[in-house]
């Protein structure tokens with residue numbers, strides 16, 4: 001039966017080629033036998049969904065399929081499809097990424113992280129809280145992958161130092177006990193009930209104590225590692241630019257409901273998602289605390305003066321912070337631009353008062369968007385020098401050549417190396433799919449097919465769909481998940497006369513709740529690669545966090561989100577869904 005094994009191995013090794021060829025042929029009867037354009041568009045969506053889920057081709061390459069298939073099938077003209085690939089949401093994404101690249105390039109994120117951790121302290125529960133807060137905050141502005149990659153080595157170094165100092169302290173305690181109590185060895189001997197030499201007993205106790213400490217820190221390391229990667233994923237949900245699904249939602253709302261009046265912008269998203277993120281983070285911390293540290297609050301939080309163990313571990317973080325040196329001009333400039341950008345985003349169209357964009361540019365139509373602001377501010381990185389002007393020398397390069405003029409805060413070479421251009425194509429592919437679904441009539445057909453859901457209470461629909469999306473995103477990227485689901489959810493909400501955001505908003509955030517599997521999201525994979533974690537550890541912790549996340553999201557949608565977006569009434573703009581290119 002060796003030949004069977006060889007055949008199976010060959011099929012497995014060549015699975016991507018097989019999927020690429022077999023899938024289009026298997027579903028070809030759909031557009032050939034069912035002639036309406038809805039079937040043709042459905043064929044493209046099924047093909048892309050399977051390619052995205054199996055990743056038989058790069059995600060960005062799969063996202064380009066509408067440019068080929070929609071014109072060939074007579075669904076849309078090539079020029080109309082191509083226009084979909086560079087919308088305002090893409091500009092917002094590019095601007096946000098340029099800010100994140102500048103922050104990472106000048107190590108500003110590490111300075112912020114260490115500064116906060118020095119304030120929090122090194123007691124286990126407080127340390128976990130500190131790492132989660134820092135990871136979530138950084139992930140609001142830079143990628144969750146970069147946040148996790150930076151924070152995990154810091155957490156490992158601090159925990160290793162804590163373990164070493166605790167082991168040394170226990171050795172000292174054991175030695176002091178033996179010196180203060182000469183009968184200690186014989187006392188232990190009688191309790192053990194074994195015939196061994198008295199001088200062996202302290203070594204046995206020492207070894208047993210060492211094992212207990214190792215087990216304790218093994219559990220603590222698992223908890224700390226998971227807390228970093230989970231909080232990075234949770235933090236990305238708080239801002240519009242924090243993670244790609246948020247921008248996909250904004251783009252799909254603008255595409256499918258062009259008369260929505262800018263219902264999703266940076267300020268409105270933050271107003272809903274930030275409290276939800278804080279709630280999720282707090283409950284997640286309690287759950288991880290329970291799983292890995294227990295609920296001995298006195299021991300976990302610690303009361304009173306710091307002991308030697310805490311001081312030594314604290315010194316590790318302080319030493320790391322000292323290595324960064326004083327804040328450079330470039331760091332200060334990047335921080336200033338970053339703060340100004342956030343302020344401009346919040347005040348452009350806050351909702352409760354007239355924003356600066358309406359006052360300065362146009363009071364009727366929003367000529368200026370969040371993308372406009374992001375691109376303008378990020379362009380300053382290519383204008384402002386990285387050092388203050390100087391009459392003397394700026395120093396020398398590694399090759400010994402004199403630096404005559406400083407570089408700007410960002411150079412295109414740095415951007416080119418760090419910019420994930422593939423995500424821009426993924427966003428565009430999602431918008432092209434939405435446009436094709438609308439033009440072909442597939443969206444309307446799907447909406448009509450789902451109209452029986454009108455008999456189910458809206459809150460139940462929201463919870464069930466959130467569970468479906470959260471399960472799906474464990475096996476597929478959150479970008480592909482939201483790209484596939486959001487147009488369908490928009491059509492369904494229109495058919496059953498429910499506010500589109502009532503189902504689209506929780507499902508978008510649920511797409512970022514990939515906590516159960518190492519392959520579900522890059523932060524999970526990074527955490528798993530640090531060792532000491534088993535898949536079952538991630539599944540046990542992540543399953544409950546998925547449930548916590550879904551309940552928190554739906555609580556937010558039915559409370560402050562319900563008021564913010566007036567979800568009790570079906571909006572007039574949701575009736576006007578036909579926006580042919």
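Glycine is no exception: its Cβ is also placed from the backbone N, Cα and C atoms.
Among the features that TrEMBL reports, transmembrane segment is placed at 12-32 (among others). Through the fold, the transmembrane segment (12-32) approaches residues 39-40, 42-43, 46-47, 50-51, 54, 56-57, 73 of its own chain, all at least 6 residues removed from its boundaries and within a Cβ separation under 8 Å.
With a threshold of 8 Å between CB atoms, the same-chain residues lying at least 6 positions outside the transmembrane segment (44-70) that come near it are 15-17, 19-20, 23-24, 27, 30, 76, 78, 81-82, 84-85, 421-423, 425-426, 428-430, 432-433, 436-437, 442, 475-477, 479-480, 483-484. According to TrEMBL, the transmembrane segment annotation covers 44-70 (among others).
Sequence-distant neighbours of the transmembrane segment (90-108) (same chain, 6+ residues past either end, Cβ-Cβ under 8 Å): 141-143, 146, 240-241, 244, 247, 250-251, 324, 328, 330-331, 334-335, 337-338, 341, 369-375, 377-378, 381, 409-410, 414-415, 418-420, 423-424, 427-428. If you look up TrEMBL, you'll see 90-108 (among others) marked as transmembrane segment.
With a threshold of 8 Å between CB atoms, the same-chain residues lying at least 6 positions outside the transmembrane segment (120-142) that come near it are 96, 99-100, 103-104, 109, 112-113, 148, 150-151, 155, 158, 162, 220, 223-224, 227-228, 230-236, 238-239, 241-243, 277, 281, 284-285, 288-289, 293, 297, 299-302, 306, 310, 313-314, 317, 338. According to TrEMBL, the transmembrane segment annotation covers 120-142 (among others).
What TrEMBL records for 266-288 (among others) is transmembrane segment. Same-chain neighbours of the transmembrane segment (266-288): 128-129, 132-133, 136, 223, 226-227, 230-231, 234-235, 237-241, 246, 250, 345-351, 370, 505, 509, 541, 544-545, 548-549, 552-553, 555-556, 560-561, 564-565, counting only residues six or more beyond its ends whose CB sits under 8 Å from a CB of the stretch.
TrEMBL lists 329-347 (among others) with the feature transmembrane segment.
Within its own chain, the transmembrane segment (367-384) has Cβ neighbours under 8 Å at 88-92, 94-96, 98-99, 102, 240-241, 262, 265-266, 333-334, 337, 340-341, 344-345, 348, 357, 361, 408-412, counting only residues six or more beyond its boundaries. Residues annotated as transmembrane segment in TrEMBL: 367-384 (among others).
Long-range Cβ contacts of the transmembrane segment (419-436) within its own chain (Cβ-Cβ under 8 Å, at least 6 residues beyond either end) map to 41, 44-45, 48, 58-60, 62-67, 70, 75-76, 80-81, 84-87, 89-90, 93-94, 97-98, 101, 143, 244, 247-248, 251-252, 255-256, 442-443, 479-480, 482-484, 486-487, 581. The feature transmembrane segment is assigned by TrEMBL to 419-436 (among others).
Sequence annotations record features per position, and here TrEMBL assigns transmembrane segment to 456-472 (among others).
Residues annotated as transmembrane segment in TrEMBL: 484-503 (among others).
Annotation comment: TrEMBL describes 509-531 (among others) as transmembrane segment.
As annotated by TrEMBL, transmembrane segment applies to 543-563 (among others). Residues 230, 234, 271-272, 275-276, 279-280, 283-284, 287, 459, 462-463, 466-467, 470, 501-502, 505-506, 509-510, 513, 515-516 of the same chain, all 6+ positions outside the transmembrane segment (543-563), place their C-beta atoms under 8 angstroms from a C-beta of that stretch.
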Would you kindly check 329-347, 456-472, 484-503 and say which stretch has the most C-beta pairs under 8 angstroms to the transmembrane segment (509-531)?
456-472
